[in-house]
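Q: Right, I'll just put the structure down here and ask away after.
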Amino acid sequence: MNVIFSLASFVKNMYNASLNQRNLISLPFNFMLNFAPVFIWLSIFKRAGLIPIRLRPDIHSKFAFFADQFLFGDYWHELTVQLPDNTSKLFFWSFISSSAFLLVFLICIPFAIWYYIYYIKHVNYNLLEWFANIFHYPCKRKQRPIQKRFRTIFIPFALPLFTFVILNIDHFFAYQSDANFTKTKDLLAWFSYVILHLTAPILTAVYLYVFQPPGTLKCFSFALGLQNIAGVLTHLLVPMASPWFTHLYGIDDTEHVNYTQEGFAAGLIRVDSHLGTHLNTKGFHMSPIVFGAVPSLHSAIAFQCFLFLVSRSTSLKHRFSNAGGFTMHNNDSSTFKLSEEDSEDEGDNSIPPTIGPNDLEMEPLGTVEPVDISNERSSSPSSSFTVSSNERSTGGGDGSIINSNGNKKPLQFVHLYDEDTNFTNKWIFKIVNDGFIPKFWAILYIILQWWATMYLDHHYRFDLFVGVLYAMTSFIIINWFVLQPKVLKKWIHIRLGDKVDTRNEARTFGMRVFCGTKMEWFFDPLA
């Protein structure tokens, strides 16, 4: 009976946490609204075949091939096969141009931008993680300067180089030869290219909904939809051929470069033979966009999942430990200021205004003092956050600031629960506490997906790289204008007690389900 009662209570908590002050009518409507960009992309893709051929632009059947060879190197001797008359010169220049591309565009330019931002302009916060100290760094551990931290450098400055290196490693193992094709590899590539392509965004969305602040999932949906809409419009406006087309018909073919050309499943035909079906073959024959190689939306979708999993997964910081002594003290000026004008009166649930380039005066959140403004705003429990230049210079070295009475007031979050350290320090939670699992699966998935697309002969490295650029651009836009200023800042205000939580948004979905239990900390990114 106890098991049945516990199961029933869990189901009830899941139901209530899912609705969260909504009803069964508004919940589906809210879901449709949040995922509207994704539905718009799917609608455009499905109806692309209705566009009259006379209105469509010319097909660029050679561009992706040459861009791949001269930007990433001709390791498969493709130029020798397709253009045997100029083999030696083209092979030499492919490595000269790819080396120049690597050095100039993937190393020097990102390094110059990083140096300009952090050493010339002296920006003292993570450009893409305004609240990095709050979400990602242990409270009592001394940190390196913000500009030298791995999180600051890796996203976005080192990502192009990371992509180039991994793509070429994957390219080596995806060589198009019968000797390289095996049943195991075929099925693994099919699983990644088809199954994970459909399920990974869903699993990422579930993770963000369960473990992250309300609104994070909407940002993921909008970032995904924005990049995919831009991608499918690029397919329609600048159509390019996939590698299977070049390998099947040759680089100089013109007969099949037209909009009546049927799609081709390429390496997935081998999977059909293994499984005894024709699903992949028939599915690609009916594709409404045959010449939609650049950008690769398989790469863009996988990379968007990667970006959100890597950037949002957090480690355990013992902020709400029942052992005491775990007060948040940040010793550097690397976290975005929750300014006075962002504080709201009781009952005011408006979203903080969008932060623009002219508003980027950063203050250390760990040195912001809660100021009692009850005399200024009648009967308001809210607090205002403000740090003047004088306060900045007189701040305590431990991350607190010294007020007029000479007292230090460290930043304090509202305790929604107390973490049982005897429970959270068990060996079973060690890997989870470091936030390692989401990052590991994100990296593994993107590496596997890039390999699968090349192994199945569906995309060049160039296609995949452009897909990464689309994903990064979409992520930066949504992160800058929505996620950081409108979602995370608002949520931190609520957790600080500065904003009244009238919509039960202080807790994540997982926290609501396990509210009052020993597992609540597990779903709290601030814990």
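Just so you know, glycine gets a Cβ as well, placed from its N, Cα and C.
Pulled these from Swiss-Prot:
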- 376-389: compositional bias 'Low complexity' (COMPBIAS)
- 1-24: topological domain 'Cytoplasmic' (TOPO_DOM)
- 46-99: topological domain 'Lumenal' (TOPO_DOM)
- 121-152: topological domain 'Cytoplasmic' (TOPO_DOM)
- 174-190: topological domain 'Lumenal' (TOPO_DOM)
- 212-219: topological domain 'Cytoplasmic' (TOPO_DOM)
- 241-288: topological domain 'Lumenal' (TOPO_DOM)
- 310-435: topological domain 'Cytoplasmic' (TOPO_DOM)
- 457-461: topological domain 'Lumenal' (TOPO_DOM)
- 483-527: topological domain 'Cytoplasmic' (TOPO_DOM)
- 25-45: transmembrane segment (TRANSMEM)
- 100-120: transmembrane segment (TRANSMEM)
- 153-173: transmembrane segment (TRANSMEM)
- 191-211: transmembrane segment (TRANSMEM)
- 220-240: transmembrane segment (TRANSMEM)
- 289-309: transmembrane segment (TRANSMEM)
- 436-456: transmembrane segment (TRANSMEM)
- 462-482: transmembrane segment (TRANSMEM)
Q: Could you check whether the transmembrane segment (289-309) packs against the transmembrane segment (462-482) - three or more CB pairs closer than 8 Å, residues at least 6 apart in sequence?
A: yes
Q: Between the stretches 25-45, 100-120, 153-173, 191-211, 220-240, which one has more Cβ pairs under 8 Å with the transmembrane segment (462-482) than any other?
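A: Answer is 220-240, with the largest number of Cβ pairs below 8 Å.
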Q: Residues of the same chain, at least six outside the transmembrane segment (100-120), with any C-beta under 8 angstroms of its C-beta?
A: 70-72, 127, 146-147, 152-153, 156-158, 160-161, 164
Q: Counting Cβ pairs closer than 8 Å, which of 25-45, 153-173, 191-211, 436-456 has the most of them with the transmembrane segment (220-240)?
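A: Against the transmembrane segment (220-240), the leading stretch is 25-45.
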Q: Counting Cβ pairs closer than 8 Å, which of 25-45, 191-211, 436-456 has the most of them with the transmembrane segment (153-173)?
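A: When the Cβ pairs under 8 Å are tallied, 436-456 comes out ahead.
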Q: I'm checking region-level scores; what's the whole-number mean pLDDT for the topological domain 'Cytoplasmic' (121-152)?
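A: Here the predicted model's pLDDT, averaged over the topological domain 'Cytoplasmic' (121-152), is 85.
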Q: For the topological domain 'Lumenal' (174-190), could you work out the same-chain residues 6 or more beyond its ends whose Cβ comes under 8 Å from its Cβ atoms?
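A: Sequence-remote neighbours of the topological domain 'Lumenal' (174-190) are 76, 243, 247, 267-268, 270-271, 274, 280, 448, 451-452, 454-457.
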Q: Which sequence-distant residues neighbour the topological domain 'Cytoplasmic' (1-24)? Criterion: at least 6 residues beyond either end, Cβ under 8 Å.
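A: Residues 30, 503-504, 509, 512-515.
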